[in-house]
Amino acid sequence: MAGTGILQLPYTVSQGGWLALGLVVLVGVMTNWTGKLLIQSLYLNPAGYERLPGYPEIGEAAFGRFGYFFVQFFHKSTLFGVSTIFLVLAAKFLLEGLGGDGEGILNHAVTFDPSVDWTSAWTLLSAGCVLFPVVYYRTLGENHVLSLLGAMSTVLAILVVVFFAIYLNPIGADDANMDDDTYVFSPPTHKLLDFKLFPSAFSAIVLSFGGAATFPTIEGNMKKPHHFSKTLNKAFAILVFLYLITAVAGYYTWGDITFSPILCNLPRGDDFSGRVVQMTKLFVAFHVMSAYPILMNALVSEVECKIPFFRSTIPRCIERTTLVGLTCLIAIKVPFFGPLMTFIGAGCLTMIVFVCPVVFNFRLRAMKKMKIGAMEKVAGTIVVIAGLVGGSIGVAQSTTDLINAFK
């Protein structure tokens, strides 16, 4: 589950204040619990004792076809949105890692035309790179190599962020990396709590724990599915620890001038430190471009399974090329990593992670005439309300942030 969301966490804490660290722990605990409810729901098939195939089928068992399509809408919207975020991130890190904006490994070897919009150019290049595997391969299941690459890029990013946060603290004017020529440096400040931005922080953190939709698949592929709860507890303990050290290190050093993603706060230039950061950005860019085809394939595979027309070569190629083109177009027009991440976390994942697992599980248990304890009902109600309220406010705030970003 640990991935690009970790790069947003220091900025998330800068939004909500130091108390937003408590949100990291709280969201982790809530997501852990709802994940277990989701897996329990797989074995609450009203039609018998056969395990339900997956998340959409849980929704169908609880609320018929409405529940099935409800899950599919938010799940597929999440896949589309995260794929778009991957293109935004890849373009940003290719720009800063290779060149086109005054920095990058190739900046001295290649002359970059300043009249070219290099952010859009790198986005188009990234989309072109991922288009071939998306179109060429009918199925593209996640494999061990890509999983290892993702884990390595995440660990590398954490190590680099924590190292430079310690090494540069306290930062000076040369470490601020502010592109605004009118900016006058002052030491970073910190805040304890910002009620106004707390929902945005909540939504961004939810996206960092947004792997709930994959839990049924993971549990189904385990040699010992009954060990899922123990495995999930260990995974979340590690995840929360990694998230906390990254968020604390980043926000403590850069405070109110923390960028999203945090790698943009790290040293730039041609010295050794700058090169290390550039290589880290390129490694993360390669990782997200490798992961993009997996997400897009998961998005289109079920459509092609349900609609025979798209199984033919030409319609399938047109469909997949169109979807990649749409994510590319959005990434070019809305190249804002932070607000986009918050919008998707608030608009889609609060439903997938918090609301649906609780509502579906309680509904299926009621259909099975299974008792639900009073404390569990209270906990479930709190989680659902937190998801609905936090998600709604997060959507409103991220929409405002996106509008302001265009001004």
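Each Cβ is built from the backbone N, Cα and C atoms, and glycine gets one as well.
Whatever TrEMBL says is automated annotation, not expert-curated.
In TrEMBL this protein carries:
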| type | residues | note |
| --- | --- | --- |
| DOMAIN | 1-398 | domain 'Amino acid transporter transmembrane' |
| TRANSMEM | 17-35 | transmembrane segment |
| TRANSMEM | 73-95 | transmembrane segment |
| TRANSMEM | 115-136 | transmembrane segment |
| TRANSMEM | 148-168 | transmembrane segment |
| TRANSMEM | 197-215 | transmembrane segment |
| TRANSMEM | 235-254 | transmembrane segment |
| TRANSMEM | 282-300 | transmembrane segment |
| TRANSMEM | 321-338 | transmembrane segment |
| TRANSMEM | 344-366 | transmembrane segment |
| TRANSMEM | 378-397 | transmembrane segment |
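Between the transmembrane segment (378-397) and the stretches 17-35, 73-95, 115-136, 321-338, 344-366, the greatest number of Cβ pairs separated by less than 8 Å involves 344-366. The stretch from 73-95, 115-136, 197-215, 235-254 that makes the most Cβ contacts under 8 Å with the transmembrane segment (148-168) is 235-254. Contact counts against the transmembrane segment (73-95), taken as Cβ pairs under 8 Å, peak for 282-300 among the stretches 115-136, 282-300, 321-338, 344-366.
Sequence-distant contacts of the transmembrane segment (17-35), counting only residues of its own chain at least 6 positions beyond either end whose CB sits under 8 Å from a CB of the stretch, comprise 9, 190-194, 198, 201-202, 205-206, 208-209, 212, 215, 232-233, 236, 239-240, 243-244, 247-248, 251, 353-354, 357-358, 379, 383, 386. Contact between the transmembrane segment (321-338) and the transmembrane segment (344-366) is absent: fewer than three CB pairs lie under 8 Å, with pairs separated by 6 or more positions in sequence. Most Cβ pairs under 8 Å to the transmembrane segment (344-366), among the stretches 115-136, 197-215, 282-300, belong to 197-215.
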